[in-house]
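Colleague: The structure follows.
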């Protein structure tokens, strides 16, 4: 029964409650001065890994929180460590990395750190791609279980209940594995003040993008980012008859 | 000597022209279809329309024990030039560990320039793995095709629309079903061919079971009408008491907000929003839903939005074509009765 060395990749993103503003260039979202947070799905991944430790104790020998992004991403890593990750690793870069590039970086981290379980969010709420976990599993040739609603570890077998269209599906595989988390998986804990203080003493390594080699440049060019066509409310009706009448008028019933 | 060089140069020029012509002629798309019970899944049909919009011939792809029967069905779909199928039961459950290598090898063998699949649980699970095997950056959840290399996709929960250009030789794309018309079954009779490319990659994970919510109602993702309940319903008993009769009166599918799902009122598979399903029906009726950003991401492309909410300031009223400020516990039964009476 092998010990678990868990990698939890996280991303710092525009806070979920904030409406994105398009930058003057028309090719990006303006993030200056905006509230940034840990991607909500990544909070679930950290919580899942900490719960595995709570259930399996010393078998979980390492929980490594990882991020690739601007220097400020270390705030997100500190949050992860305050929630229970053992240490952090930041690839410090201002480059916008596409999922394929992130997956390639993660592959190297997995190999170097002897990771045997990677838990990622199913998507980041900024680019909504939903690709990184599956790409990493493909690059590593590992089993994958996406959109996890339940994760159960027994010996070296990981059993995952997945959210699929129309219900759930259960799959299981042997370690090593890649799991991506869905919202129903758990309710992430709040980091307590003592844990936030302790997290400041945990180890946070920094590396540069260059140390991860070639082939990480973007493959897609953003030509334009635009506002979606605005939708105008059509006003209110007085009562249920008014509602039925308006729906008929609009041809909806 | 000089003459020779000129001939060589001429040869080289003509060859590169020929290569260019071949490349543009070779524009061709593989449309990966899901199937269940011997039939092509309805969710796969819009991806064929997206494939047609890209421009080249469209080859439909199916794999599984009953792939021959499904392929025969797929051959009738308008826009399909050819169907490729792999009759191997190992692919029945759509497990990514063997399905992705199967696709990657078939894409390489067929020299496809584009690969499309629905942005469904199946497509989301498998296509990024295919992309990684091909060393390709995938383009997820497209809502429009501008040209063969340029695609439109929503980001930030649909609060911004990105137009992206790819210069990759192969483009792996998932398609938002509500953004394209489903391919119709017509009098088409595309040739069906069994693929000889089957890498038989090991299935690293084992399929254990599935638990699908059974329903007589239209499928949420493709329904023409949707009634959706939110936190305003207060508990599961109310959700089950008020929503199904209203849905039946309209012939609608039932959806739910994330708040309603999290609170246990409704199954997660009914969730509409950035993290759930994206719907774009003719009529979307939001009952007791405030209209948070994440919910709007899943329904704001609906043709007509109606809202019933007792809070006159709820953000849902900013997008609703028709809003009723009322207590849903009296308004919904009254509406249900009126709609039933209309039917008679």
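All residue numbers here begin at 1 and follow the chain in the order shown.
Backbone N, Cα and C define each Cβ position, glycine as well.
Pasting the feature list from TrEMBL:
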type: BINDING; residues: B:231, B:257-258, B:271-275, B:288-295, B:309; note: FAD binding site
type: DOMAIN; residues: B:29-216; note: domain 'Electron transfer flavoprotein alpha/beta-subunit N-terminal'
Colleague: Give me the long-range Cβ neighbours of residue B:231 (FAD binding site): same chain, 6+ apart, Cβ under 8 Å, in sequence order.
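Modeller: In sequence order, the residues whose Cβ lies under 8 Å from that of residue B:231 (FAD binding site) (at least 6 apart) are B:257, B:259, B:260, B:263, B:288, B:289, B:290.
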Colleague: In which DSSP state, out of helix, strand and coil, do we find residue B:295 (FAD binding site)?
Modeller: helix
Colleague: Going by a 10 angstroms cut-off between Cβ atoms, which of the binding-site residues B:271, B:274 has the sparsest surroundings?
Modeller: B:274
Colleague: Is any of the binding-site residues B:231, B:274, B:289, B:295 near chain A, in the sense of a CB under 8 A from one of its CBs, and if so which?
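Modeller: Of B:231, B:274, B:289, B:295, the entries that lie near chain A are B:274.
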Colleague: For the domain 'Electron transfer flavoprotein alpha/beta-subunit N-terminal' (B:29-216), would you mind checking the mean pLDDT of the predicted model?
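Modeller: For the domain 'Electron transfer flavoprotein alpha/beta-subunit N-terminal' (B:29-216), the model's average pLDDT rounds to 96.
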Colleague: Only counting partners 6 or more residues apart, tell me which same-chain residues put their Cβ under 8 Å from the Cβ of residue B:295 (FAD binding site).
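Modeller: Expected: B:230, B:257, B:258, B:272, B:273, B:289.
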Colleague: B:289, B:292: which of these binding-site residues has the sparsest Cβ neighbourhood within 10 Å?
Modeller: B:292
Colleague: Can you check what DSSP calls residue B:274 (FAD binding site), collapsed to helix, strand or coil?
Modeller: coil
Colleague: Once the DSSP letters are reduced so that anything not helix or strand counts as coil, what is residue B:231 (FAD binding site)?
Modeller: helix
